[in-house]
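Enquirer: Annotations per TrEMBL:
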TRANSMEM  A:38-57  transmembrane segment
TRANSMEM  A:89-108  transmembrane segment
TRANSMEM  A:115-136  transmembrane segment
TRANSMEM  A:173-193  transmembrane segment
TRANSMEM  A:225-248  transmembrane segment
TRANSMEM  A:260-285  transmembrane segment
TRANSMEM  A:297-316  transmembrane segment
Amino acid sequence: MMQALKSPRLGGLSALSCVLIILPFTLSNSFQLDVAIQVGIAAIVVVGLNLLVGFAGQISLGHAGFMGMGAYMSAILSGTYGWSPLLALIFAAICVGGLAFLIGGPILRLKGHYLSMATLGLGIIIAIVINTESWLTGGPDGLVVEPLSLFGWALSPFDEYHLLGISLSGTQVWYILIASLLVFAVWLALNIIDSPTGRALRAVHGSEIAAQVVGVNTAHYKVKVFVISAVFASVMGSLSAHYTGFITPNIAGFHHSIELITMVVLGGMASTYGVILGAVILVLLPQVLADLQEFEMLAFGLILMVTMIFMPKGLLPTLLNLLNKPKQKTTSEEAA
Amino acid sequence: MKTTKYTLALTLTLAATGVSLTPVQAAETLRIGAFVSATGPASFLGDPELKTLELYIKEINAQGGVLGQQVELVHYDDGGSAGKARTYVNRLIGADKVDMIIGGSTTGTTMAAVPLVEQAQVPFISMAGAIVITDPVKKWVFKTPQTDRMAATKVLQDMKARGMTKIGLISGTGGFGRSGHKHTLEVAKEMGIEIVADETYGPQDTDMTAQLTKIKSTPGVQAVFNFGFGQGPAIVTKNYAQLAIDLPLYQSHGVASDKYIELAGDAAEGVRLPASPLLVADTLPETDPQKPVVTAYKAKFEAAYNMPVSTFGAYAYDALMLAVDALERAGSTDKAKVRDALEQTQNYVGVTGVYNLSAQDHMGLDVSSFRLLEVSQGTWKLVE
């Protein structure tokens, strides 16, 4: 029993659920809840991205492109063409997954910087298309998005809802939705990591040649995880579009891609809970530092620099390592 | 006990941030919230806007504040990102509990804020150009700059007055150029002006000779209109002179700054464009009602920051002064009363123009607020 509690799946998931349940009671206003939802959205994207970057060791600098594609397809299909938002979300995820599959084959043959460049290019192309095709996407001025709805029941952050006799604001319902999705995403990611696919991916990360020698079809697994992480990004792009109600091409931009990859590296590559911490910090930090005004970027850069110099493995793995020191060194598996 | 460690680490982080995010509850001050793009690609808009707001809030407080209360400016930098703007507006409304919001340097950041202010019912004055902000009219949303459509109208009116009905259009592919392109086509259609050549260039392009050659060789073209922003229009102007195109060249209000003449040099001679009276503050006729306001703003800003004024800072000046005027007429900080007062603003003389707001018009300027300027001997000259 104790052993089971220590495992990342049971112990970690229940700890995460506890935090997510307690959190709304400690927040005093709708703004803080709004930030919590944004943390959640970013966290789910990076949990997916971490499968690719942290476990398979393949860098993608284009994930914001997938997120933007999901967001814009949802916005356009549900707004301009009147599709049901859920159907639009699923259709967008299938299209993004399909694109990732088609593109993933050739570009995942590249290694190191070349792979980064190729994914970077893909992300930038998506951003340019969104920027220039203004008859469809509204161009740089952005696009208004319909609220999420299911069978005629719309979930707008601005309405009041009654669930089981309790009155909840739309933002609170969104929080419940995103929090449940986060737990689900973590559970899914942990299962993938523990499956034969996950073991194959870690073998690829260790040494691609060695993995091939022992019979792992490396190309197959790399494309698979690329598609999975792209679908994570697309679904969250769609949801975040419905939540915020307004999107601009920034969501698909290069800077957003960098932000996502920074969350992974800062929180701890190959640590599912670590990257959540990365998302928490990178979304919250600008809010906390906003009071410093012009020194905001300076402080932000300094924090990132110091973390990367003194904690090259990322925040969570390094912290756990420190806590475990008297006993033994944490293996990367434990940190997962 | 890994579980406890995770929980501990997460709780500590959340607790730490939770504390610092709790707003400071100020007592008897009037809070004006602002979100501008002071950094990032739109900083040429946000920077003078923020400087203007800070400068005038200080002055208002030195003179005793508004409604007997000191004014506090709570401002955030959205870096030009609509997502960040949305979060900051949420913060201004939910945590800082401001009485009024000024902000949105760009159309994107403004539109991201619109649903929030409409829901929270806070008076909001935007400093962005696009027509969608106030058309259709939104109950709580106002704006101070003229629309791109009005700039296009001003230029096309002058062309028509000079008897030109066939023109060439060259526009940038950035947000500003696109919006201008769209509205120029619409206005031209209404006014019976034919666009015989329609070319574009990218924001980073360094040579527009090809596009201009195409326009030059288009039969019947009588004038050329360039709708763009930044360095592009200056390059167009230089290429235009190099190709010795002997047709009148018009620019948009996007390049209405001394920087443009500096960049384009002699090639800019004779170029016409619609602009704020701010550029010709000193040569405005004494009878112009805006003259005292315009010269005072220019003198004060340049003395305080030792840099030339920009029309964008003037949008912030007008937004702040309209807000203060409405607060004083409302006699309280009651949001609904302030909104009504803002909507009833009549004959308010600002730097950008004379504002006459109504329930149907939440911007309150007309085409005549633009002055038509011509570059003459390296400086701006008012075209009568």
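Every residue gets a Cβ built from N, Cα and C, even glycine.
Keep in mind that TrEMBL annotations are predicted by a computer and have not been checked by a curator.
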Enquirer: Between the transmembrane segment (A:260-285) and the stretches A:89-108, A:173-193, A:225-248, work out which stretch tops the count of Cβ pairs under 8 Å.
Expert: A:173-193
Enquirer: Count the Cβ pairs between the transmembrane segment (A:173-193) and the transmembrane segment (A:225-248) that lie under 8 angstroms and are 6 or more residues apart in sequence, then report whether there are at least 3.
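Expert: The transmembrane segment (A:225-248) and the transmembrane segment (A:173-193): touching, yes.
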Enquirer: Who are the long-range neighbours of the transmembrane segment (A:89-108) in its own chain, taking Cβ under 8 Å and residues 6 or more past its ends?
Expert: 58, 66, 69-70, 73-74, 77, 83, 115, 118-119, 122, 219, 222-223, 226-227, 230-231, 233-235, 237-239
